[in-house]
Ligand SMILES: Cc1cc2nc3c(=O)[nH]c(=O)nc-3n(C[C@H](O)[C@H](O)[C@H](O)COP(=O)(O)O)c2cc1C
């Protein structure tokens, strides 16, 4: 049984990874319904939050039904990070997560995200200050290291634990790798095998089949799996992993009726949350995966991803349901 602070997250929890422009409240709610045990917001800029930049502040919204939820923030300036802890706390998350893994240049160049992997002392001192500044559990998401020559994740994780970090999620790539190559879970297992580690160690990177989740649990011995890309437009992935764990067999893929219902609810929740224009726009990226594998689907997909009015998108869903009602997904 894993615990993040006092929060019981069960045996080998499945965590929805923080994903920019993806892990918004509607999507998190759908993943939660389909078996995600913990969900995280996309990363939110501490500098944006303290300036009250509306785009950052909107990302703090959470629904009751998605709990336990972690709000992820990034930054490298102590004062801004501490102030944003206070702002984040006001929206009532269960967990505060620090992003020490984002590889993109505009974040790294400011010493934030994976940039901090070049200054482990700062990484540890920022974490310690944040832990002391809140009663909420503080978790960290990071990568193996800056590059292949600087993988010190065992030592880093232990130091983070020692300053009060409540759990650590590790993406099995270095910053230099960005998203290339395969995620390497062996160093994450080394973190877990460190006798001094007692906080949960969650593995991340390339878990895209139930078999891989099982490997992460049984061969690598990790405490849970954080899942990103495999869930985009496919919130059923969490349930499928759990079904596989319980039965050793693959669950039947969601039917057309279920897919259309999910796409519909996703869009409804998004409109409810952000209004018609943004709701329609930001849900588009999920449709390809919701309806993956259907032949001659382009015309329908185009309608879904180019229509500006929700009524047209809903009409496209209805057409698809009628035309492909009995389509057998594999
Ligand atoms: C579209 C996208 C957005 C992402 N945004 C974030 C983010 O905001 N914060 C973060 O810590 N990681 C972010 N990541 C990284 C993921 O959380 C995860 O570490 C990575 O995708 C590897 O896991 P996966 O193979 O299961 O996708 C993002 C990844 C993707 C694909």
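Glycine is no exception: its Cβ is also placed from the backbone N, Cα and C atoms.
TrEMBL labels come from automatic prediction, so no person has curated them.
Summarising the annotation, TrEMBL assigns active site, proton donor to 102. Counting every protein chain shown, 23 other Cβ atoms lie within 10 Å of the Cβ of residue 102 (active site, proton donor).
Here TrEMBL flags 72, 141, 171, 228, 229 as FMN binding site. Classification of residue 228 (FMN binding site) by DSSP places it in coil, neither helical nor stranded.
Summarising the annotation, TrEMBL assigns domain 'DUS-like FMN-binding' to 15-308.
With every protein chain in view, the residue among the binding-site residues 141, 229 whose Cβ has the most Cβ partners within 10 Å turns out to be 141. According to its DSSP assignment, residue 102 (active site, proton donor) is coil. Cβ neighbour count for residue 228 (FMN binding site): 20 (other Cβ atoms within 10 Å of its Cβ, all protein chains included).
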